[in-house]
Amino acid sequence: METTSPLLPSNESSSSSLPAVPEEDYLPAASRTFKDFIKTVFWKETVKLWKIAGPIALSLICQNGTNILTSIFVGHLGNLELSAVSVSLSVIITFCFGFLLGMGSALETLCGQAYGAGQVHMLGIYLQRSCIILLVTCVILLPIYIFAAPLLKVLGQDAALAALAGKFTLLAIPNLFSWAIYFPTQKFLQAQRKVGVITWIAIVALIVHAFWLWLFIYECDWGITGAAIAFDLTGWLIALAQAAYVMGWCKEGWRGFSWSAFKDIWSFVTLSLASAVMLCLEIWYMMSIVVLTGHLDNAVIAVGSLTICLNINGLELMLFLGINAAISVRVSNELGLGHPEAAKYSVYVTVFQSLVIGLICMAVVLIAKDYFAYIFTSSKVMQVATSKLAFILAITMVLNSVAIGGGWQALVAYINIGCYYVFGLPLGYLLGYKANLGVEGVWGGMLCGTALQTLLLLIILYKTNWKKEVAQTADRMRKWGGGGKDIDGSNDDDDDDKKKKKIKEGACDGV
């Protein structure tokens with residue numbers, strides 16, 4: 001891979017840009033009172049967490065809100081329309097979204113490393129390279145969009161539902177190609193900590209999307225065709241707005257188009273492919289709930305009520321994904337600085353707060369179980385069917401809070417897949433079909449897979465040796481950075497501090 005400057009800038013050139021001297025590690029729990037713990041640990045970690053998680057979560061909620069708003073507006077056209085568009089969004093489009101997100105994962109790593117190492121000019125090269133790869137990937141995924149209707153029929157979906165879902169998916173093809181710009185520009189901006197820009201673009205786009213849905217569906221009377229047009233326009237609005245900001249306000253990182261973007265493309269692909277496959281396997285788990293539900297009697301009502309609940313769950317999920325990103329940064333930050341106690345407490349505080357949020361969401365769902373479906377549909381039958389799923393939805397929200405909010409999902413992906421496909425999916429099938437429990441059985445059985453996953457995550461958290469994690473991180477930093485610092489800090493103190501500062505800076509850049 002091409003390099004135009006040393007990986008780490010010299011001390012003289014970079015010392016002025018180094019952050020302030022990092023804080024010391026927290027004292028062990030045995031040496032502090034509960035009041036002191038709340039004041040010096042819990043509050044500090046809360047502030048640090050939400051400074052990172054807040055903007056990311058808000059951005060994700062607004063981006064996911066595009067799908068939810070589409071379902072809300074279409075839902076008032078009829079039960080078939082709601083179910084068809086929901087299947088298109090949750091099965092076909094979400095699958096392609098997840099695969100493209102995974103294929104763009106290398107950009108997040110490389111941009112974060114380049115920015116942390118002071119090679120900001122390389123960000124533009126990596127951005128263009130990622131756009132090329134994702135554009136080709138979109139072309140490869142195109143047949144899935146074109147043949148969505150027959151694919152859904154093969155998966156056992158109702159014929160009328162599959163035909164209407166296929167129509168919406170065909171009309172959403174332009175949105176597919178917007179992701180080839182959307183993902184790379186988003187990762188480019190995140191690497192430079194410009195999360196606020198992404199958030200504001202997402203907020204404005206969500207408001208505009210609501211207007212377009214109202215205009216095309218109701219005023220122009222275009223039905224789901226209008227919904228698809230609004231979906232396409234909003235996707236391109238976000239992608240082009242991010243691209244415009246990159247080219248107009250990120251002059252250091254963006255220095256114009258370059259032929260260098262075509263170099264080492266295969267290395268870029270191989271770095272992303274494993275992540276893409278793993279992410280798709282996790283996404284397929286939620287897709288499989290919708291697919292299995294489509295085989296039940298009265299599939300339109302079953303799928304519609306399930307997807308209403310999944311849309312509500314999606315809002316909470318985006319919040320916890322923001323927390324997940326934040327705690328990943330916090331842990332890597334503190335491990336890189338040699339702070340095992342701070343790393344441990346940052347996870348403990350985050351898991352506790354995530355659990356509290358999950359319990360609050362659970363209470364809200366149970367209180368509003370007879371009412372939240374009104375937002376999505378005018379059908380009394382659909383509303384009653386949705387309220388029956390409220391208890392399972394409430395439990396799902398609590399499990400999400402620990403499993404995803406704890407920040408450990410990416411580290412134990414194989415455990416997740418084992419819990420999902422070896423345990424949860426077969427159990428969901430047995431309860432839904434053999435025990436004749438319907439959609440409640442399908443979702444409830446698969447929820448048991450999530451519960452097993454959560455239990456294993458908590459065991460891993462409890463047994464984690466944080467001092468060992470610090471030692472392993474120091475070994476990696478010595479290997480990658482070429483330093484000679486020992487774990488006990490026996491090298492020159494000034495050099496040690498500077499290395500720690502660089503590690504801290506690099507860790508924060510990866511969000």
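Every residue, even glycine, has its Cβ placed from backbone N, Cα and C.
In TrEMBL this protein carries:
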{"type": "REGION", "residues": "1-20", "note": "region 'Disordered'"}
{"type": "COMPBIAS", "residues": "1-19", "note": "compositional bias 'Low complexity'"}
{"type": "TRANSMEM", "residues": "87-110", "note": "transmembrane segment"}
{"type": "TRANSMEM", "residues": "131-148", "note": "transmembrane segment"}
{"type": "TRANSMEM", "residues": "160-183", "note": "transmembrane segment"}
{"type": "TRANSMEM", "residues": "195-217", "note": "transmembrane segment"}
{"type": "TRANSMEM", "residues": "223-245", "note": "transmembrane segment"}
{"type": "TRANSMEM", "residues": "265-287", "note": "transmembrane segment"}
{"type": "TRANSMEM", "residues": "299-327", "note": "transmembrane segment"}
{"type": "TRANSMEM", "residues": "347-368", "note": "transmembrane segment"}
{"type": "TRANSMEM", "residues": "380-399", "note": "transmembrane segment"}
{"type": "TRANSMEM", "residues": "411-431", "note": "transmembrane segment"}
{"type": "TRANSMEM", "residues": "443-462", "note": "transmembrane segment"}
{"type": "REGION", "residues": "478-511", "note": "region 'Disordered'"}
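Of the ranges 265-287, 347-368, 380-399, the one with the most Cβ pairs under 8 Å to the transmembrane segment (299-327) is 380-399.
Beyond the transmembrane segment (443-462), the same-chain residues lying 6 or more positions past its ends with a Cβ under 8 Å from any Cβ of the stretch are 285, 288-289, 293, 306, 347, 351, 389, 392, 395-396, 399-400, 402-403, 406, 408-409, 411-412, 415-416, 419-420, 423-432, 437. Cβ atoms under 8 Å from those of the transmembrane segment (380-399) belong to residues 79, 82, 301-302, 304-306, 308-309, 312-313, 316, 355, 358-359, 361-363, 365-366, 369-370, 372-374, 439-440, 443-444, 447, 450-451, 454 of the same chain, restricted to positions at least 6 beyond its ends. Proximity of the transmembrane segment (131-148) to the transmembrane segment (265-287) is established through 3 or more Cβ-Cβ distances under 8 Å for residue pairs spaced 6 or more apart.
Under the criterion of 3 or more C-beta pairs below 8 Å, with sequence separation of 6 or more, the transmembrane segment (411-431) and the transmembrane segment (265-287) qualify as touching. Long-range contacts of the transmembrane segment (223-245) within its own chain (CB-CB distance under 8 A, at least 6 residues past either end) are made by residues 63, 66, 70, 73-74, 77, 81, 84-85, 164, 167-168, 171-172, 174-175, 178-179, 181-182, 185-186, 189, 194, 197-198, 201-202, 204-205, 208-209, 212-213, 215-217. For the transmembrane segment (160-183), the list of distant contacts is 80-81, 83-85, 87-88, 91-93, 96-97, 100-101, 104, 107, 130-131, 134-135, 137-138, 141-142, 145-146, 148-150, 152-153, 224-225, 227-229, 231-232, 235-236, 238-240, 242-243, 294, 299-300, 303: same-chain residues at least six beyond its ends, Cβ to Cβ under 8 Å.
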